Amino acid sequence: MPLSYQHFRKLLLLDDETEAGPLEEELPRLADADLNRRVAEDLNLGNLNVSIPWTHKVGNFTGLYSSTVPIFNPEWQTPSFPKIHLHEDIANRCQQFVGPLTVNEKRRLKLIMPARFYPNSTKYLPLDKGIKTYYPDHVVNHYFQTRHYLHTLWKAGILYKRETTRSASFCGSPYSWEQELHHGRLVIKTSQRHGDEPFCSQPSGILSRSSVGPCIRSQFKQSRLGLQPHQGPLATSQPGRSGSIWARVHSPTRRCFGVEPSGSGHIGHRASDASSCLHQSAVRKAAYSHLSTSKRQSSSGHAVEFHSFPPSSARSQSQGPVFSCWWLQFRNTQPCSNYCLSHLVNLLEDWGPCTEHGEHHIRIPRTPARVTGGVFLVDKNPHNTAESRLVVDFSQFSRGSTRVSWPKFAVPNLQSLTNLLSSNLSWLSLDVSAAFYHIPLHPAAMPHLLIGSSGLSRYVARLSSNSRINNNQHGTLQNLHDSCSRQLYVSLMLLYKTYGWKLHLYSHPIILGFRKIPMGVGLSPFLLAQFTSAICSVVRRAFPHCLAFSYMDDVVLGAKSVQHLESLYTAVTNFLLSLGIHLNPNKTKRWGYSLNFMGYVIGSWGTLPQDHIVQKIKHCFRKLPVNRPIDWKVCQRLVGLLGFAAPFTQCGYPALMPLYACIQAKQAFTFSPTYKAFLSKQYMNLYPVARQRPGLCQVFADATPTGWGLAIGHQRMRETFVAPLPIHTAELLAACFARSRSGAKLIGTDNSVVLSQKYTSFPWLLGCTANWILRGTSFVYVPSALNPADDPSRGRLGLYRPLLRLPYRPTTGRTSLYAVSPSVPSHLPVRVHFASPLHVAWRPP
């Protein structure tokens with residue numbers, strides 16, 4: 001007989017009106033393969049091969065074939081970034097604050113000071129791929145908005161700018177591992193000896209250099225550890241070669257000034273004397289190139305003097321440029337039409353410099369004039385479409401045979417989070433502004449994380465079919481005017497109102513490397529999680545009567561009363577600011593007693609999903625079609641949403657197993673009215689996940705394939721199955737019987753599958769029912785040899801093993817609570833003691 005919905009409800013024990021047999025008879029029936037097959041057929045769960053066209057959209061969920069078209073906003077504001085500088089001695093500052101750090105805290109802080117990134121191999125892409133043509137209708141607008149965003153990041157000290165093959169410049173405060181260059185000289189900041197001659201010491205820089213003459217550049221080969229010294233002739237590179245910024249040292253022998261002070265006192269002292277003026281003739285440049293600081297091969301193919309003109313002439317490039325600049329070339333030409341760019345270029349007398357240099361120059365490993373990832377802009381988030389966010393695509397490191405396997409780190413699961421945070425504390429959450437950009441990257445990582453652009457001329461040339469620019473050679477003037485068009489002219493005129501003289505600066509090629517960790521690399525979330533968890537660990541030890549917890553950049557503080565929380569907030573904020581961590585005070589949220597964290601609402605009653613997720617699920621069920629095959633890609637999105645809320649339903653994850661099966665088979669899934677009604681009933685009533693309590697286990701379950709046994713206190717029970725069952729199924733049934741007979745929330749078992757509380761591998765009906773019966777039950781592992789229920793399960797009722805005293809302590813998982821936080825009293829004291837709430841009495845860990 002075909003199964004009716006009522007029958008199905010009866011089987012799932014979800015309906016009290018229909019009479020069900022005793023649990024001991026009903027449950028083993030649910031494990032029957034034949035019954036599960038019939039139910040699957042009745043609910044159309046197994047019929048994966050369908051010939052009707054698939055549905056690719058359900059509500060807001062789209063499949064593989066209909067991705068949402070990104071919307072470009074010409075009014076996007078570039079967010080401002082504070083001058084973020086995380087203090088290098090962060091570990092020492094934490095020690096002053098809380099006393100000696102634990103091993104875990106030290107290790108994590110060392111990991112991010114500085115962060116290192118060495119992929120197995122790096123694929124270099126042409127500069128044209130630097131800014132992605134993500135918005136075909138707004139190409140020029142998107143180009144300038146992105147360039148402005150990159151410029152903002154560079155000014156904020158988040159990016160390096162590649163100056164030559166081996167040097168880069170940046171803004172902001174330098175770190176000790178960033179070796180500075182001054183006019184082509186490497187400067188090592190150490191104590192001065194022999195007058196003011198720099199003394200050779202071993203710098204903690206990019207290069208591990210030999211102790212003999214480490215101040216003079218030798219040839220370096222790149223290795224997995226950045227740059228290693230390579231024995232070879234000294235400074236043999238040809239004069240004028242792009243990439244060598246080092247002044248040539250005229251003495252061929254290697255010297256260290258600490259040993260032989262009479263030698264060449266300053267490295268390349270003639271280099272700075274002979275830094276030639278800007279308008280030297282090409283002949284003199286060639287003749288003196290071994291004395292002047294080396295020429296830089298700019299990405300547009302014209303040699304520029306590096307660091308050789310006085311700052312006063314920085315903005316006066318337009319008066320007598322030495323090299324041909326695509327933008328300024330328009331000034332001296334006849335307009336080719338009403339929409340010629342020369343009209344725009346003649347609007348302004350002084351277009352500013354062609355390139356800007358940072359406040360500091362450092363040496364870097366050899367960096368080609370290429371990019372390793374593309375960038376584009378999107379809305380900052382769904383709620384803030386006024387500001388833009390930069391998306392960096394470094395997916396090459398996660399693909400192919402040379403992909404980097406990113407380190408794994410513990411994400412708190414729902415139960416751990418509830419055990420930890422479900423209490424009657426007052427909560428607030430802190431917003432760390434630009435959290436990723438706090439963590440410094442070693443300059444040796446720069447060649448692997450390059451972004452940039454080939455300049456406006458190449459960008460426009462790629463898009464206009466009538467123009468051909470080969471290898472940066474700007475040929476005749478006719479070629480120059482090939483890029484003039486009405487669309488470009490109108491776009492640039494509008495942008496001129498926004499950016500003014502910077503249009504010229506942004507039209508030049510640029511190559512930038514990351515100085516802080518970028519968001520598009522799998523290493524970054526790991527590093528951020530390590531960083532914030534270590535900081536929270538320090539805060540927890542400094543304020544033992546409070547709770548601080550973090551996941552990525554989401555930091556929450558809890559205290560017993562609102563007044564206490566406010567004083568804690570002040571102290572913690574000051575501490576974080578002293579480390580160089582930037583908080584956004586406008587985004588501090590005070591939650592009262594119900595904390596909103598990681599998509600959950602956590603209170604003293606337990607945890608539930610946040611309201612916007614519940615609304616999304618309701619909306620999703622309203623739009624869900626029945627008897628129509630739904631694309632498995634859409635099912636993936638669906639399962640993602642329903643899976644998040646599954647622990648709050650009666651049947652949990654097992655209820656979604658038919659959907660998982662269709663995704664695995666990459667087949668369409670058809671919802672029958674019955675299955676949809678069953679699921680929607682599950683999700684309309686959500687139950688909180690409660691905090692586990694410590695206790696003493698007094699109920700034990702055990703099973704063999706043929707029978708089960710229970711030990712409830714001093715009482716023993718046993719029974720046999722009608723037919724032999726697989727051992728895991730039998731153990732699960734025994735646990736269900738123990739729960740239903742004793743009502744205990746703490747059960748001892750020797751089966752690892754039951755302990756894991758993942759019931760998705762059992763027959764579908766049994767998995768759903770077991771999840772429903774065992775919801776909120778905690779399990780304790782007891783070895784078979786000590787299990788009091790072992791004998792009854794084998795049919796031996798006469799033998800009594802002594803009842804174990806098995807204490808149970810709820811776990812907070814691996815949620816980075818390195819310093820054990822003292823337990824928080826569960827009641828609010830009548831009067832909070834305010835003698836000194838922030839006094840730190842340090843005790844050894």
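The backbone N, Cα and C atoms fix where each Cβ goes, and this holds for glycine too.
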Among Asp431, Asp482, Asp631 - the residue Swiss-Prot places in the same Mg(2+) site as Asp553, Asp554: Asp431
Close in space, distant in sequence - Asp554 (Mg(2+) binding site), Cβ under 8 Å, 6 or more apart: Ser429, Phe597, Met598
Arithmetic mean of per-residue pLDDT over the region 'Spacer' (180-348): 46
DSSP-derived class (H/G/I helix, E/B strand, else coil) of Asp554 (Mg(2+) binding site): strand
Spatial neighbours, same chain, of Asp431 (Mg(2+) binding site) - Cβ under 8 Å, 6+ residues apart: Asp553, Leu583, Asn584, Lys587, Thr588, Lys589
